[in-house]
Amino acid sequence: MSSTLAGWLQALALVGALALCYRPLGDYIAHLLTSAKHLRAERGLYKLVGVDGDADQRWPVYLRSVLAFSALSILFLYGLIRLQTHLLLSLGVPEMEAHQAWNTAVSFTTNTNWQSYSGESAMGHLVQMAGLAVQNFVSAAVGIAVVAALIRGFTRHRTDRVGNFWVDLTRICLRLLLPLSILFALVLVANGVVQNFHGFHDLATLGGDTQSIPGGPVASQEVIKELGTNGGGFFNANSAHPFENPNGFTNWLEVFLLLVISFSLPRTFGKMVGDHRQGYAIVAVMGLFWVASAALITFSEHQHAGTALQAAGGAMEGKEQRFGIAASSLFAASTTLTSTGAVDSFHDSYSAFGGGLTIFNMMLGEIAPGGTGSGLYGMLILAIVAVFVAGLMVGRTPEYLGKKLGGREMKFASLYILTTPALVLIGTGIAMALPGERAGMLNSGAHGFSEVLYAFTSASNNNGSAFAGITVNTPWYDTALGLCMAFGRFLPMVFVLALAGSLAQQQPVPASAGTLPTHKPLFVGLLSSVVLIVVGLTYFPALALGPIAEGLH
Amino acid sequence: MSSTLTPAPAVQGNTSHRVQSGLLDPKLIAKSLPDAVKKLDPRVMVKNPVMFVVEVGSVVTTISAIASPSVFAWSITVWLWLTTVFANLAEAVAEGRGKAQADTLRKTKTESVARRLTNWPASQAEEEVPGTALRLGDHVVVEAGQTIPGDGDVVEGVASVDESAITGESAPVIRESGGDRSAVTGGTKVLSDRIVVKIASEPGKSFIDRMIALVEGAARQKTPNEIALNILLASLTIVFLVAVVTLQPMATYAGAPQSMIVLVALIVALIPTTIGALLSAIGIAGMDRLVQRNVLAMSGRAVEAAGDVDTLLLDKTGTITLGNRQAAEFQPAEGVTADELAGAAQLSSLADETPEGRSIVVLAKTGYGLRERAQGELAHATWVPFTAQTRMSGVDLDEAEGLHQVRKGAAGSVSRWVTDNGGSVGADVAQLVDGISAAGGTPLVVAEKNGSAPAKVLGVIYLKDVVKEGMRERFDELRRMGIRTVMITGDNPLTARAIAEEAGVDDFLAEATPEDKMALIKQEQAGGKLVAMTGDGTNDAPALAQADVGVAMNTGTMAAKEAGNMVDLDSNPTKLIEIVEIGKQLLITRGALTTFSIANDVAKYFAIIPAMFAGVYPGLRHLNVMGLHSPTSAITSAIVFNALVIVGLIPLALRGVKYRPSDASSLLARNIGIYGIGGLIVPFVGIKAIDLLVQFVPGLS
């Protein structure tokens, strides 16, 4: 079977599997976010930390809970990393420097999982399990909790309450992420992903050298790495490593896992707002971008110029022979569109346009379908902007799902769309202005610039994948990228929750024939154009100096 | 054409209010130019963040051009300044039209001398004071030929008044004490008779003063939607500022550092200058369009709300049906002759000065040969006037046999009166009433009570209603726009239903009292809907105040005019529909120009980015899809286009985009087609065309 046909079949199977999960998973998440019942285990947890599970929070309180929880997470993870040499299961790894520990702590707490370290040589099993894997769960849950609050802003009327963060967080972890992780971890183990507590095995190779083979609880971390759109690999090679991703099936499964929650959340949204068509419209826009991006990257990789590459059937540099071009491109498109950042091939080696598309995917703001929760709230913010402009064109004060979009709502939506572009561009601009930092680039010219642009785009949008080819473990990059990750994660959350509070207070406007319909193909097209144009206009100059300059001869 | 609200009544009749306001008077542009330059004051500009950035950019390029002069630097500098001036020009022109109207109004505000009654009504003693010295509650007397010195209500007498100064309508109107036609406006002229007016406004706060302030834009505040749009535009501006500022280090790394001139040009090309420049003009022009239809909106907020209206409350009479109902037939009850009924009907209507009442007397005379009896003929008669609460009128005659009471009115009210007075209403009467109602007519039941005998129903008067032509189509249009129409009528439910069906309204409120109307508004609003209504009477005032859009008729009472947020000088209740359309048109214009403005950026990128970087990355030449002549000509062309498109769109901003009532989906598809797709294509053509000219300018080629 040719690699192209295999790619098509994989993509089709993926669409089929995601479509099958859309309703049951989306409905299930909606149920767990709206149910009034607590599990016994949850009640026990609430008692333990002193939370009233039945009390709803106002948006500032919800926000404070999110920020306090995240700040404590960063502190805890930072401490754990710094102290790991004195703790159990450290495998004798060296102590990590402060700037790198800060970067790593922020990275995992913000669902970014940017790794300026190499997993097998810097992290012991304890940090991997009790630090990084835990954050993989809770950071994913925080994203879903925030979008739940935003959806409640649409569904609730004349109230200042948007839900209870602690309840949302607990339920998403216990009822959604844990069961799915256990199930799929077993599937991964059955297909060859390792799961043990071994340290390094020194083996003699056929060539007479010795090779050090690491072991570890890989499968348990691998599953939540994808499911929670985290992306931080157990090993440095991430999903290109055979212990993380041994074969074509696990590769397909990992793509499925990193897409499944984000693609099902629109159903949750539709269910909660009481109109499934609204969910279909949102998922259609997400799907459109995902399909287009996967197709374009695959196409671009097959078209790579150069005799050696053409002889190999395309740009195989940096890709695994066991996956091939199509499956690698599918993985690359999915991981950069979901804020996951796991990689099974190296984006730095992609063709100029293929690599440029991975950057563009992240620049979309991780919304198609985006990270768990964060993808949906990002898309809903852009939907608000689209509704605002289009709503005016039908001659009414714009309203989305019965809530009017006035000055206050537009203020928060505008601040949201302002944040990540500012972080990406200012970060890249400063890096390029500092000759010392620029020297970290492996390549010169436009490609070297793309490496820096990729790094800041990845960090600010909380993707976490790396273009590679750039030395980022310097105090400056660790600090700057850490700041980009933190601001890129938490500032948007502030605006989203403020918006949720403002929407929840409103009295809904009933829909009429004069109301802009937000579930029809016309709106899907409109929202897609708004996403493209807003992102395109913002980043066009930067992209022109990077991938476009490199790709056009 | 004249864009003013002309006071010349000979020219401006009732039908000439549809003003083609889109055309630009070149004289007005010339007149507005000094104002446009005056508005360059940074303290004024800062209120418009988008254009403020352009002005700062203009200053920066001016300094650069002085430091290192070149044809390119100066061309960009000049066109950036022009961009700023053009934006101010749009606003100044919009304001200028208002100013012209204000001047006309001001002429009517001549210093009149008022004849103040010092101790009215006890004595007729009067003193002469200047009109400006009048205070709230003063009484003044005005006679034929004199100008009314201030706003107020007529408290004595009746007079014909020339209100053309305000309404442009030459036909005099009748103003009389009591009732709903008592309000007079300062500056209008009494043509006949003598009235006493109680002044109802403080000096300087009269209706004309407020009109002047409104049309001049002095009282203009940003509306909620304008604020929201401004926020979005400001954030886009910041994004583009960041994109361009951070571009310099990237460009320097690429080996192509850019000059200040080019960077400023890129910023100005990208930020949404088109909508930023025209935003306030659109708002002012929206109010202006209302003024040209003789509607005064007390705030821009009200105009915007008009576009959002979900429910229209329309009074049946005058809006849906032609003028007044006419008596067509007397239908006697069993055991009563038609003549008996006609006699009683005539008797009860003698004091009834409403057109319906008059038509009953006429029918009794023409159809039944009953001579019209003068009111004075009947001794010992006590006239029972119609009130909104009793919904009956009639007469009590003190006759030899005892008190003879005659009542006529709505079926429900008269039936109640009959049963309250010991009588009963036969099934035949109910049948007659239902028959008339079912036929779309209005039944008026006539009953009498002789002495101590129980009251009895004599029969029913058939009043006919004529629905205005074209109303059904109008309501269909409104339905497509998603607006529900509710007919308000004092008729009984059956009558109301018949007319509602004939006219095609969605719902009706029958036997409506002012309280019912108020309750309906509150109920709609509780469901999140916006309600618009018209009204004129004092008892409408609370409902007018409660409604989101309350249009008071100019003929109405001062209380109604104070309560509403719009006043229709023509007193034409049908105009409510036009007001809604103007509100929608205003919002659509904003959305369309925003879309156009943002879509324009694509072409500008394709002009400017290759011009900036094709030198170091020759591959970027492929982005120069327009085949522009040179980097300098490309950038200049983009900036020139950017400035000219503002001027080109001023007429559209003032006129508003074309609006055809239809549902949201087709409106959106149409406007995205024109302003979205058009906004993508037009600048490619425009910039290329300008480049074809600019390339011949020495120094730019």
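Cβ atoms here come from the backbone N, Cα and C positions, even for glycine.
Residues 87, 96, 101-102, 104-106, 108-110, 123, 126-127, 130-132, 135, 138-139, 142, 145-146, 149, 162-166, 169, 489-490, 493-494, 497-498, 500 of the same chain lie 6 or more positions beyond the ends of the transmembrane segment (A:61-81) yet place their CB under 8 Å from a CB of it. The transmembrane segment feature in TrEMBL is assigned to A:61-81 (among others).
Positions annotated as transmembrane segment by TrEMBL: A:129-151 (among others).
Summarising the annotation, TrEMBL assigns transmembrane segment to A:172-194 (among others). Within its own chain, the transmembrane segment (A:172-194) is flanked in space by residues 28-29, 32, 39, 41-42, 137-138, 140-141, 144-145, 215-216, 218-220, 222-224, 227-228, 242-247, 249-250, 253, 257, 261, which lie at least six positions past its ends and keep a Cβ under 8 Å from the stretch.
Summarising the annotation, TrEMBL assigns transmembrane segment to A:249-267 (among others).
Sequence-remote contacts of a segment are chain residues at least 6 beyond its ends whose Cβ falls under 8 Å from one of its Cβ atoms, and for the transmembrane segment (A:279-299) they are 4, 7, 11, 22, 26, 259, 262-263, 266-271, 325-326, 329-330, 332-334, 336-337, 350, 353-354, 357-358, 360-361, 364, 367-370, 375-376, 379-380, 383, 518-520, 523-524, 527-528, 531. Per TrEMBL, the feature transmembrane segment maps to A:279-299 (among others).
Look at TrEMBL and you will find A:376-394 (among others) tagged as transmembrane segment.
Sequence-remote contacts of a segment are chain residues at least 6 beyond its ends whose Cβ falls under 8 Å from one of its Cβ atoms, and for the transmembrane segment (A:415-434) they are 363, 365, 378, 381-382, 385, 449, 452-453, 455-457, 459-461, 476-477, 480-481, 484, 487-488, 491-492, 495-496, 499, 534, 538-539, 542. TrEMBL lists A:415-434 (among others) with the feature transmembrane segment.
Taken from TrEMBL, the feature transmembrane segment applies to A:480-501 (among others).
Within its own chain, the transmembrane segment (A:522-544) has Cβ neighbours under 8 Å at 281, 284-285, 288-289, 356, 359-360, 363-365, 367-368, 379, 382-383, 385-386, 389-390, 417, 421, 424-425, 428, 453, 516, counting only residues six or more beyond its boundaries. According to TrEMBL, the feature transmembrane segment maps to A:522-544 (among others).
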Distant-in-sequence neighbours of the transmembrane segment (A:480-501), which means Cβ under 8 A and at least six residues beyond its ends = 58-60, 62-63, 66-67, 70, 102-103, 106-107, 110-112, 114, 116, 146-147, 149-150, 152-153, 160, 162, 374, 377-378, 381, 384, 409, 412-413, 415-416, 419-420, 423-424, 427, 430-431, 455-456, 459-462, 472
